[in-house]
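Going by Swiss-Prot, these are the annotated features:
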- 1-43: signal peptide (SIGNAL)
- 44-166: domain 'CUB' (DOMAIN)
- Cys97-Cys115: disulfide bond (DISULFID)
- 166-225: domain 'Sushi' (DOMAIN)
- Cys190-Cys223: disulfide bond (DISULFID)
- 240-479: domain 'Peptidase S1' (DOMAIN)
- His278: active site, charge relay system (ACT_SITE)
- Asp334: active site, charge relay system (ACT_SITE)
- Asn358: N-linked glycosylation site (CARBOHYD)
- Cys397-Cys416: disulfide bond (DISULFID)
- Cys427-Cys457: disulfide bond (DISULFID)
- Ser431: active site, charge relay system (ACT_SITE)
Amino acid sequence: MSGFRGLVPELENSLWSSPTTSCMSKMCWWLLWGILHTCPTQASVLLAQQSPQQLTSPGYPEPYLKGQESHTDIEAPEGFAVRLTFQDFDLEPSPDCEGDSVTISTGGTDATRLCGRQGSPLGNPPGHREFVSSGRSLRLTFQAHSSSKSKITHLHKGFLALYQAVAVNQPNGDTEAVTTPGAPKIQNHCQDPYYKADQTGTLSCPSSWKWKDRQDGGEVPECVPVCGRPVVPLAENPNTFGSSRAKLGNFPWQAFTSIYGRGGGALLGDRWILTAAHTIYPKDSIYLRRNQNVEVFLGHTDIDELLKLGNHPVRRVVVHPDYRQHESHNFNGDIALLELEQRVPLGPNLLPVCLPDNETLYHSGLWGYVSGFGVEMGWLTTKLKYSKLPVAPREACEAWLHQRQRTEVFSDNMFCVGEEMQVNSVCQGDSGSVYVVWDDLALRWVATGIVSWGIGCGKGYGFYTKVLSYMDWIKRVIEGKD
C-alpha cells in the first residue's frame, strides 16, 4: 500500500487497536489511509494521503435527504496538515446558515459555517477558499434540517470536496513514501507542471518528528508556482495586426477587474495581481478616492463564465508612490499590485506570468502579445481577445507625439508598442492588462509592459508601463518589505 504507510511508526497499530465507543454495531468497518470509516451514528474518520481524495455529501450528486447530520474527522500524519477545498457546493441558503449547512473546524478559535450555492450571493458558499487545519485534524459537519414539506429537497445536491495531507509550510506539495529500513523519509514532489520545488532532495524524519533535508538539515522545501508556460500555447501566426479570440488556456494569467469600470491585470505567483494604478485611481477629477469595491475574476476567457466562477476578494491594494492621480498628462508610476485574500489553485486555465530580468526583452522590433476584455469596434466584448504587436523604436513614438502636439509625459519608465500606420486594437477596458514577450533563453512568457495610455483607439502607438523599471518595488511589496 502506497502513501504515508510506513512513514509514521506505530501509528498504524494504534489506529487499528483504538476503541470506537460511538460504533455499537458489527456493521462498522475500517480501511486504512483515506477510506471511510462508517458507523450507524454517521460519524466517520478519514486519514488523508498526499494525493487528493473525494468527500461528498450523502447521495451526491442526487438531492440530499432532509433530517440528517454527519460528522467527518479528517486526520493527517505527524508533520502534516489537512487541506480541504470544494469543487461543487449546493446547499439550501438561509440567514447565517442556520438551516442546512456545512461547518468546517480547522482547529482555530472559530468554525466556518457554509451554505448556499457556489457563485451565488445568497448564504455563505465557500467559493475559492482553502481550509487548512492548524494542527493535524480538520472536522466537517454536514446538517440537513427536517422539512415539513418533504424529506427530500429537489433543488440542492450537496457538495463535492477534495482533501489531502500537505507538509506544514508547504501548501502545494506532495510527498512520495520511501519505505526503507531506519528513520522514515520522503522524496519531495510538487504538483507538476504548475509548481516546482525551490530545492530538491530527500527528507528524513528523525526522532524529533520534524522533517529535515538529508543534505543540509534544512526545512521542508517550498513549492513555488511555475510561471509563463501555458498548457495551451498560442499557435504561431504571421505578423498581422488586429485582434483575435483567445482560446481557453492561451493567456492563463489574464485577470478581469471591476473597479471603476472594466480593466485587466495579470496573475503573479498564486496570490498577486499586477495591474495599472489608473484602474484604481483614475485620471479624472470626479474620482477623488479609490473605489472600495475591487473585484478580480480569473480562470476563463468568457466574462459570463468568469462571473460564475466568482470574485477573488482582495486583501490589500498597493499603488506605486510615483503615481500622481491629479496629473492627467503624467502616467509615470502607473503600476499597482493587488494581494488576494486566498491563494488561487493553479491549473491549465489559471497560471502566473513571469517578470522581466533584462533589457533585451525591450529591443525594438521584438514581437509580443497583449490580451484583454476591452472595447472592440466600439462595443464591449464578452470574450478575451489578443493582438500581436511589435516593440516600437522610442524615437518614432516621440516624433509621433510631437507631430500631434501632445503633452503627455513619455518617461524612461515607459515604452511604446505598435506601428504608426497599422491598427492598434488596444482600447478602453484593456488598461492594466499586460504585454508579454517570449524569452528564448528561459523558454517562458514574460510580462514586460502594462497597458497604460494612448491617444484614442485605432491606428498608432500604445504606451506601456515598463515593468523592469519597477522590479525592486514589486519584490519589496510581495516580500512584505514595503
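The backbone N, Cα and C atoms fix where each Cβ goes, glycine too.
Just so it is clear, the model here is predicted, and its values are computed rather than measured.
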Quiz item: Considering the recorded positions Cys97, Cys115, His278, Asp334, Cys416, which residue's Cβ sits among the greatest number of other Cβ atoms within 10 Å?
Solution: Asp334
Quiz item: For the domain 'CUB' (44-166), what are the DSSP-based totals of helix, strand and coil residues?
Solution: 3 helix, 59 strand, 61 coil
Practice problem: Determine, to the nearest whole angstrom, how far the Cα atom of Cys115 (disulfide bond) is from the Cα atom of Cys223 (disulfide bond). | Solution: 32
Quiz item: When you tally the Cβ atoms that lie within 10 Å of each candidate's Cβ, which of the recorded positions (Asn358, Ser431) has the highest tally?
Solution: Ser431
Quiz item: Using DSSP and three states only, what is Cys457 (disulfide bond)?
Solution: coil
Quiz item: Where does the residue listed as 'N-linked glycosylation site' sit in the DSSP three-state scheme?
Solution: coil
Self-check item: From Cys223, Cys397, Cys427, Cys457, the disulfide-bonded residues whose CA lies within 10 Å of that of His278 (active site, charge relay system)
Solution: none
Quiz item: What is the pLDDT of the domain 'Peptidase S1' (240-479) when averaged and given as a whole number?
Solution: 91
Exercise. Kindly assign Ser431 (active site, charge relay system) to one of the three DSSP-derived states: helix, strand or coil.
Key: coil
Quiz item: How many neighbouring Cβ atoms, not counting its own, are there within 10 Å of the Cβ of Cys457 (disulfide bond)?
Solution: 19
Self-check item: Spatial separation of Cys397 (disulfide bond) from Cys427 (disulfide bond) - C-alpha basis, Å
Solution: 18
Quiz prompt | Cα separation, Cys457 (disulfide bond) to Cys223 (disulfide bond) (Å, whole number) | solution = 42
Quiz prompt | Integer Å distance between the CA atoms belonging to Cys416 (disulfide bond) and Asp334 (active site, charge relay system) | solution = 14
Quiz item: Within the chain of Cys397 (disulfide bond), which residues six or more apart in sequence place their C-beta under 8 angstroms from its C-beta?
Solution: Phe410, Cys416, Tyr461, Phe463
Quiz item: With every protein chain in view, how many other Cβ atoms are within 10 Å of the Cβ of Cys223 (disulfide bond)?
Solution: 23
Quiz item: What is the separation, in Å, between the Cα atoms of Cys457 (disulfide bond) and Cys97 (disulfide bond)?
Solution: 49
